[in-house]
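Visitor: Structure incoming, see below.
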2 protein chains.
Amino acid sequence: MKIKTLIISWAFVGILAVTGVVSAKEPIDPIMPVKDINLAQVELGKKLYFDPRLSKSGFISCNSCHNLSMGGTDNLKTSIGHNWQQGPINAPTVLNSSMNVAQFWDGRAADLKEQAGGPIASPGEMAFTHTLAIEVLESIPQYVTEFKLVFGTDNINIDHVTQAIAEFEKTLVTPNSRFDQWLLGDKDALTEEELAGYQLFKKSGCVICHNGAAVGGNSFQKMGVLEPYEAKSPAEGLSAVTGKESDHFKFKVPTLRNVELTYPYFHDGEAETLTEAVDVMGRLQLGKEFTQDENASIVAFLKTLTGDQPSFTFPILPPSTDKTPQPKPFE
Amino acid sequence: MKIKTLIISWAFVGILAVTGVVSAKEPIDPIMPVKDINLAQVELGKKLYFDPRLSKSGFISCNSCHNLSMGGTDNLKTSIGHNWQQGPINAPTVLNSSMNVAQFWDGRAADLKEQAGGPIASPGEMAFTHTLAIEVLESIPQYVTEFKLVFGTDNINIDHVTQAIAEFEKTLVTPNSRFDQWLLGDKDALTEEELAGYQLFKKSGCVICHNGAAVGGNSFQKMGVLEPYEAKSPAEGLSAVTGKESDHFKFKVPTLRNVELTYPYFHDGEAETLTEAVDVMGRLQLGKEFTQDENASIVAFLKTLTGDQPSFTFPILPPSTDKTPQPKPFE
């Protein structure tokens, strides 16, 4: 529905945009600050997000692969898991991930809460089990007290854990990018080149998939429409979830928010630079060969999507006790 | 010198302490807040401390093994290095490490600046080289600008890098523990059991090595004086640095500040609990078998040494560019 409306209002939007008039009809919406958050859950979730004791080794936390110092990613092609296993897919950014239509590249988790439980129990990632993770948390009095305070329960369960992590992740939005400043009426926020890049981004069709507040994240699309994409990853995409042949090699369209920080690109991480990513996307998805100047202007526009990064105090974790099960990094 | 003075003033100190009178003669000094710091270096050093691009893999930072969420350690027996290599020794805490007589368990680095360069280039740890690390930093314009601002130089070198990291580490002190509150005159800051534990800590001789502001860190002592210690680590101690047979199996006495957070204990990390560590130390170093109650009171005292943990905003790292050498996690 949205896409149809977009296409119809194309020329109109374009005219408004080039003249610098801010229009409610732009296909990209500004990132809004977080509202309606449970702050106690956020504080607990922040600790859990940074706590490597949710992994078998005691070494890997959520932040290991979704590093909030680095655009909410690990900036590796594919991630490093327990025992230095090489992951099959590029770690998507956690920034603005609450806006995704579903979680993971293939959408196999409905929301952040469901997602958060995945890596903990994945043998190639944190290699733990939910039961063992809960045993660790229940052995730590400060956690027991905090879970009781936040959830009113004497027994910690994985639902509380993932709920708190998800609530923290909801705070990880990045408003106030230069592009959003422009959207919100500051016509000097973008340079001419950046604005031209945005026009080209719209005119070429990039915006058909990369739209909305997250500039993506709201649909699944086939990787390689007009030319096939030779992936380095074994991931098969949405069909792994739906079982439909027609969903084969469809992946969630990644957000382009903070894309300057979330290199390398694509689900297999094979595009090292934005220049390369724009070139490949143009050819494979749109059948377009961007000139060097066109490519550069789109890249210039994309870099205006870097917003204010989450700013928070580094959490201090409650210490283990004599009863806490020991991590097992080398077993 | 200091130790001699201590022993002479023993009875006197003891009497003052049990009566709750604060005395300048206590063998432990309070941790003082940081003074005379170069704040610009600290801010740069904080980024570098958290930057995994100083490792070959792009995955391991200083904070990986000296985690400031977890008492400045990794809470593992021995650390995990590049390609999940098992380190030979327990990662010592970075907290209050500026007070150490030298760095590393065997004192092979004179100071924090010298220490900081070690793990970057160690094949079993970050597995990089100083040259490659500098190449990475010089490819990142925001770093180039910040180094120029802080050090007034156009060329980044490893001395700048380690100087900035060391300056950040100097801020990682933990004042205001309950024990320090007591030292500073609040006689209600400790319970009777904790105070009894402190008296026993002094009377039994623990304080002969664990003294000063860091409650350790200022001398090298043989591990296993009255009974041999069967270490799980191949480390030979100070003799590796001095070449003297008499220094064999001498290790830097670890700080007991925040010891509640820095488990497991000893240079091989084989003591999982404070109870075990106190028991082993009593027998091997002092020829004493502490009763269960005595052990418990010493442990209670040790837990009063947990100070205010460093509180800071999680750093946002400047992004790599198209020219930045790629990390090589799987080579």
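Including glycine, each Cβ sits where the backbone N, Cα and C put it.
According to TrEMBL, the heme c 1 binding site annotation covers B:CYS62, B:CYS65, B:HIS66, B:HIS82. The annotation heme c 2 binding site is assigned in TrEMBL to B:CYS206, B:CYS209, B:HIS210, B:MET281. For B:40-148, B:192-306, the entry in TrEMBL reads domain 'Cytochrome c'.
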Visitor: Quick check: of the binding-site residues listed here (B:CYS206, B:CYS209, B:HIS210, B:MET281), which one has the Cα closest to that of B:HIS66 (heme c 1 binding site)?
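Guide: For B:HIS66 (heme c 1 binding site), the closest Cα among B:CYS206, B:CYS209, B:HIS210, B:MET281 is found at B:HIS210.
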Visitor: Give the distance between the Cα atoms of B:CYS62 (heme c 1 binding site) and B:HIS210 (heme c 2 binding site), rounded to the nearest whole Å.
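Guide: Cα to Cα, B:CYS62 (heme c 1 binding site) and B:HIS210 (heme c 2 binding site) are separated by 26 Å.
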Visitor: DSSP secondary structure for B:HIS210 (heme c 2 binding site), reduced to helix/strand/coil, please.
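Guide: DSSP assigns B:HIS210 (heme c 2 binding site) to coil.
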Visitor: Round to a whole number and give the Cα-to-Cα distance in Å for the pair B:CYS209 (heme c 2 binding site) and B:CYS65 (heme c 1 binding site).
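Guide: Just about 26 Å between their Cα atoms.
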Visitor: Looking only at Cβ atoms, how many others are within 10 Å of the one on B:CYS62 (heme c 1 binding site)?
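Guide: Its Cβ shell of radius 10 Å holds 24 other Cβ atoms.
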Visitor: Let me know how many other Cβ atoms fall within 10 Å of the Cβ of B:CYS65 (heme c 1 binding site).
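Guide: Summing over all protein chains shown, B:CYS65 (heme c 1 binding site) has 24 other Cβ atoms within 10 Å.
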Visitor: Give me the CA-CA distance between B:MET281 (heme c 2 binding site) and B:CYS65 (heme c 1 binding site), in Å, as a whole number.
Guide: 25
Visitor: What number of additional C-beta atoms lies within 10 angstroms of the C-beta atom of B:MET281 (heme c 2 binding site)?
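Guide: Here the count is 24.
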Visitor: Between B:CYS206 (heme c 2 binding site) and B:CYS65 (heme c 1 binding site), how many Å separate their Cα atoms?
Guide: 28
Visitor: Measure the Cβ-based neighbour count of B:HIS210 (heme c 2 binding site), defined as the other Cβ atoms within 10 Å of its Cβ.
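Guide: Excluding its own Cβ, the number within 10 Å is 27.
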Visitor: Within 10 angstroms of the C-beta of B:HIS82 (heme c 1 binding site), what count of other C-beta atoms is obtained when all protein chains are considered?
Guide: 20
Visitor: Provide the three-state secondary structure of B:HIS66 (heme c 1 binding site) computed with DSSP.
Guide: coil
Visitor: Counting Cβ neighbours within 10 Å across all chains shown, tell me which of the binding-site residues B:CYS206, B:CYS209 comes out on top.
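Guide: When each Cβ's neighbours within 10 Å are tallied, B:CYS206 leads.
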Visitor: For a three-state summary based on DSSP, what are the helix, strand and coil counts in the domain 'Cytochrome c' (B:40-148)?
Guide: 50 helix, 6 strand, 53 coil
Visitor: Given that the record lists B:CYS206, B:CYS209, B:HIS210, B:MET281 as binding heme c 2, what is the largest C-alpha to C-alpha distance among them, in Å?
Guide: 12
Visitor: Inside 8 A of the center formed by the CB atoms of B:CYS206, B:CYS209, B:HIS210, B:MET281, which other residues of the chain have their CB, for the recorded heme c 2 site?
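Guide: Neighbours found: B:PHE201, B:GLY205, B:VAL207, B:ILE208, B:GLY216, B:VAL253, B:LEU256, B:GLN285, B:LEU286.
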Visitor: Measuring Cα to Cα, how many Å separate B:HIS210 (heme c 2 binding site) from B:HIS82 (heme c 1 binding site)?
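Guide: So the alpha carbons of B:HIS210 (heme c 2 binding site) and B:HIS82 (heme c 1 binding site) sit roughly 33 Å from each other.
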